[in-house]
Every structure is written in structure tokens, then in C-alpha cells.
């Protein structure tokens, strides 16, 4: 392989060829001088100690090995600030054959991961977000794959763990190994919890022959410089190793690379043809922790993107004594600044949803089905479809004869409040939308979006547009009144009153619409005072209808934004949590379990971490107002 112009050194061991080359950061602007080959027997121990920057211990130093076990990982492995003209770190170069020899000394078999089982809890308490544990690995070799997770999930060196950090984070000196734990799948975090148990740490990317300054491989190696183990990188990366030792490459049985081996499947299996209870038979996805792409890439983020985040929780100024708060909420209160507790709970929700979506694409799965994938004209977005088991079905007499509308029934076992969550109506679905309101006797519509936002059409003004001429319903706008939502903020909502009339029977139904426009789809979150006041206003109209009509069951509130999942799910979750806390004193995380229940009924309810945090902020404000 020859001598490379890189900035890593190594000690000679195990008969491995040793190569040394150094380049300081200050030399990068001009080509280095030609280097004279050194004798293979040269002892580099002293040279490496001399090159180490001030205050930076080499990987084999006794100082790091003797660090007190009580020292935090953050302190022990903090990435040092390096002088401008000092080498970044020291590491060995390892060939594919040398790594093969190391692997042959250990049992690096990788069992097939068990498929995550999704259960319909039917009101039972879902597991705690922190309940999963993994066994602590004890291998003397830590093999780290820094490629994107999708490539790692498809094929990897047997026994490797994946640590793929966004380059913007890798460049930060403050982003040390302790922060790496937040970027890893929960099942793999134990591998980095105690690096002292490893003798060797080997990193590899796709195909690098040397760690060029500024590349992810170079930055990641620099993060491991204080680990007590001997540090190395794999020459040629995964591609070189896979070409020389394919028998040591682990490929999951359901990866796309193996799927083409058995290509005797009928083409009909890949054709979308069923109008209801849609089952999608596509190529199997990667492993159970893989990242979904394709249609869902926009609404389900990669696991790493969620795990690396923390979020600031806005605590109301009136909440000065956390003692009345339930324990699960006190934990959030105590870590309000850069709260990772909430971020990790949201990560659990994302993982569960990812598993449900994979079940929908698994031809052998039976629990999760998606409906309406082929109903393009009736779906506002190409990646938001209703689950079949909870979707709203239109009754008889609908124009066109289809029972499909992009809407789901939403409820939880802990609250009597019920919702219909749906997308903003389209011209092709105006009639369907009003038929749902009529058939379910919906007394109130909560609209959480303006018609146009930042020049983009978010929702058509369905109350001003006429329905299909053949529709059996007619709509009349009775009033349209701007109303102050709460004196605390002065925010106004528009309250509209409509009358629906059945042309055949001449019976009528009155419905109220509340339009709240101070919640941008992308931007600052809604005011917590506003959302609590909106919940109260909605419930007042529900109670008025109940007092007048005495319905047998709790009426549905129809809630929509644009897609019918992000802001819609957030409002439904807040409204439900307020109801639960007003009637009971739960000892479990009401927000987490409520959102988990709702996500089992409609895709991406509470779509992002900021919306999830907003739920906790509203509950903190409610507690400040009602708990003494």
C-alpha cells in the first residue's frame, strides 16, 4: 500500500506493517516535502509521545487507563482544543487482512434481530420509554462503522456498531464521545458506555484509504483520541474489506441486497390495486431499526436526527414550586433547559411509528394497514395516509360511491373526549368532508391553519365553495365573527356558524367552526395560553350541544390543519391531557402515553419534537393555574 501522507502514527505490533506520516494543520496550505521511506523496524513510541499535543495523552498512555472510574464520560473523553500547527491525533492504519485476523480471534457472529412486536394496548399502559435495556458487550475489539445508517443496515462487517454523526456536529469541539450516545440506537449505546474494556478500536467508512483532514473519518478518529484502547482505521474502508473477505460481511436476510436472489415473485405483488384496506407489497426494508425512505422520508425522520436533539421547555413564570407536579412532570421541569428527557421520549415514539410503517410494507404483516394510497386526488399530501383500522368511512349516498376520506377517529382509554383528525379539505373532497360532519353530527370544527401561509396554499376555503351539484347536502353560512380567544394574549380567532340541510328530508344540523391562524406550520410554536383557551372554547361548544341534544355518546370534535397530523395531533393531545389531569392524578407520563395512543390511530400525530415539547409546556401552564 505504500506510505501515505496522513497525520497518524502507530506502534509496531502483531506483525502488522507500520506506516507513519504526519501533517500539521498549518502545513495544509502547501504541498508537503517528499518523504523518505523509513525502516520497518523503527520504534515509533518515542516519536508518537513527542508529537502528541500538550495535555493530550496518546491512546496507550497509562494516564488515561488509570482515570478514576467515577469520572464522567464527558470529562474523560472531551475532545481537546488543538494548537494550529499540531497533528490532530494518532492512529494505526489497518489492512483488511489484519482486521480479518483480529476477527478470527473473536466470536463476531451477529444474530438476526428479533422483529419488534407491535401491540394494540386497548387502554392498557404502554411500556415506559426508558424500559428497554441491552446487555453490555465484553469484546476486546470495538469495530465502528461510520457510514450512513441505511448503508450499515444493508451490509456491514460482522459485529460492527454504527456511529454516524452529522458533519456539523463532528466539527464542534464540544461534541464529545458522551454526546455520541445520543446519536446511537438505544440497543447499541452500551458499546460506548465504557471504552476502558476494549483493547482495540477500529473505525471504517465506505472506502477511505487515509483520514483526509476535514472528512468524517478524520473528525471521528479525533473524538476517540483519549480512549485507552489502541486506535486504528481500516485502509480502503468497507468496500475493500467486503471484496477481500465477503464471508465476514453481515447482510440481514431481509436486506434489499439479498432480496434480488429470489426474484420469482409475481409482478402482481408489486401492483397497487386494492381500493380499501390497502396492503403494499414492496421490497423488504432493511433491519428492524432501519431508516424508512421513499414516501415516508418526509414525515419520519432518521433515528439519529431525533436522538441528537435537545429542546428547551418554556416554563411559565408563575410556576415557582414544582412540588405539586406529578413526578414525571417534575423531571421535565428540572431539566427544562436543553431537555433531553423529552427528546428521548419523542425518540421512542418515532421508533414505534417506524416499526408500524414497516409492518404496513411487510407482505406477511397483519396488524397495520394503510388505506387510500391510490386515491391521489383525495389526498393533500403524498405521504400522509390513514390507517385502515381507524379510518372514517363515508356512509351511503356519497357522490362517486367510494367510502374513502383521509380522516381517522382518535380517542384514548383515559379520556372521554373524541376527535376526527383529518387533512384540510380539497376541492375534490368538499362534499365528503361535509358528509362526515353530517353523518357523525359533529358540533364543532377546529381549524388550525390559515388558508395561505408564506405564499403556499395550506387549506382551501371549503365553507365558501359549493359542494358537488349532486350532493344531498346544502350549506349555509349563518355568521362569521372575530373573537378574542383570551385576554392574556389578545389573540383573535374567527368563529363561524353553519347550517347543513339534507335536501331529501329537510332536516338540519348546526355546526360551529373555530379558525385559529396564529400557529405557523414552520416557525415559532403556538402560544400556550392560546392553546389552553382554544381547548376550553372547543369544549364549551361541545357541552352546549350535549345539553341541547342529549347524545348517547360523546360528540366528535373535527380537528384539521393542513396535513391533519402535526398541529392537529398536538391540539388533540393537549386537549386530552388536560381532561385526564382535571379528573385524575396519573402517576405515568400522560403526554407520552396519549401521543403514543394517538399515533396508533393516525400517522405522525404530533409530528416533530418542537410540537411534542409544546404539549409539555401547555401541561406545565395548566398545572401552574390549577394545582396548588
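Backbone N, Cα and C atoms are what each Cβ position is placed from, and that goes for glycine too.
As annotated in TrEMBL, region 'Disordered' covers the listed stretch 104-136 rather than the other ranges in 104-136, 137-169. Mapped onto DSSP classes, the domain 'Tyrosine specific protein phosphatases' (539-613) shows 44 helix, 5 strand, 26 coil. Secondary structure of the domain 'Rhodanese' (137-250) per DSSP, as helix, strand and coil residue counts: 46 helix, 21 strand, 47 coil.
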